[in-house]
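S.K.: Copying in the features that TrEMBL gives for the protein in this structure:
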TRANSMEM  22-45  transmembrane segment
DOMAIN    38-287  domain 'G-protein coupled receptors family 1 profile'
TRANSMEM  57-79  transmembrane segment
TRANSMEM  99-117  transmembrane segment
TRANSMEM  138-161  transmembrane segment
TRANSMEM  196-223  transmembrane segment
TRANSMEM  235-257  transmembrane segment
TRANSMEM  269-289  transmembrane segment
Amino acid sequence: GNWTSVTVFFIVGFSHQKDMKVIFFLLFLFIYIITVLGNLIILFVISMDPVLHTPMYFFLGNLSFLEICYTSVTLPRMLVSLLSGDTSISFAGCAAQMYFFLFFGATECYLLVAMAYDRYRAICNPLHYMDIMNKKTCIHLAASSWICGHLLALGHTTFVFSLPFCGSNTINHFFCEIQPVLMLVCGDTYWNEIQIILGGVFVILMPFVLILVSYGLIISSILKIKSVKGRYKAFSTCFSHITVVTLFYGPCVFTYICPKSSYSLGVDKVLALFYSVVTPILNPVIYSLRNREVKGALFKMRMRL
């Protein structure tokens, strides 16, 4: 009866490691700048080079834009907190951060499926590839990814922030992640836990299975190619996407599929850092170093400059 509604949260983040604050600030600032610049360069190169106006690079452009948005949800707020020492965030601000983080994260899950489907059509149906993966189909697949991401994020955020918050208002994380926020709820969170697991199944597990099926069919088609050079060329077009899928989906499965009983804040922080900070900075490197067309476009752009 003496409970007081929470109007502000305090995000612990890395504030307890005061002797490391400057190092953390410089490190995360460097990561953020490189992530934004790297993905902006990918976007610029794709838009400027007509050779890259294909379905695969249309999805890659979407992914690069998504990574800029995704990393901008957490890192700028973390940098301000490290610099000023102010770890507070309003109730509405926390809800907004959770929504956008889930929105961009879920959208990336679905977009990676669309990219796998594109590679499947390119390798398994090369003669009809451009007819199937026309501009309209690509736009529909990308738009569906963004819409599904929005619906999932809106549902989760609404259900979590409609619950009563009281007592402790300290979030033991570096952003408003769903599990640490749920730990501050006064009421029963059983149905929210079920919702998280179901959401993980539909957003992480099912897309991951679809990607595995796509690559199973792709590998089957590649093995039918007689020349070794042809096999290598076909597989090299998929290598970058496989790498990104592995880096992104691996930590997400442990974070959102596992039940609360096996939840560990320490492990969750490390996993969250990996898929929210490390993966976005690696994407431009993976796609530029392993992709001849992107390297060629970068070289031509450098020669023009």
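Glycine is treated like the rest: Cβ placed from N, Cα and C.
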S.K.: Are there residues at least six beyond either end of the transmembrane segment (235-257) with Cβ under 8 Å to its Cβ atoms? List them, or say none.
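M.R.: Same-chain contacts beyond the ends: 56, 63, 105, 108-109, 112, 115-116, 119, 122-123, 179, 196-197, 199-201, 203-205, 208, 211, 215, 218, 222, 267-268, 271-272, 274-275, 278-279, 282-283, 286-287, 290-291.
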S.K.: Should the transmembrane segment (269-289) and the transmembrane segment (138-161) be scored as in contact, given a threshold of at least 3 Cβ pairs under 8 Å and pairs 6 or more apart?
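M.R.: Stretch pair does not touch.
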S.K.: Any contact between the transmembrane segment (138-161) and the transmembrane segment (57-79)? By contact I mean 3+ C-beta pairs closer than 8 Å, pairs at least 6 apart along the chain.
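M.R.: These two stretches do touch.
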S.K.: If you average the pLDDT over the domain 'G-protein coupled receptors family 1 profile' (38-287), what number do you get?
M.R.: 86
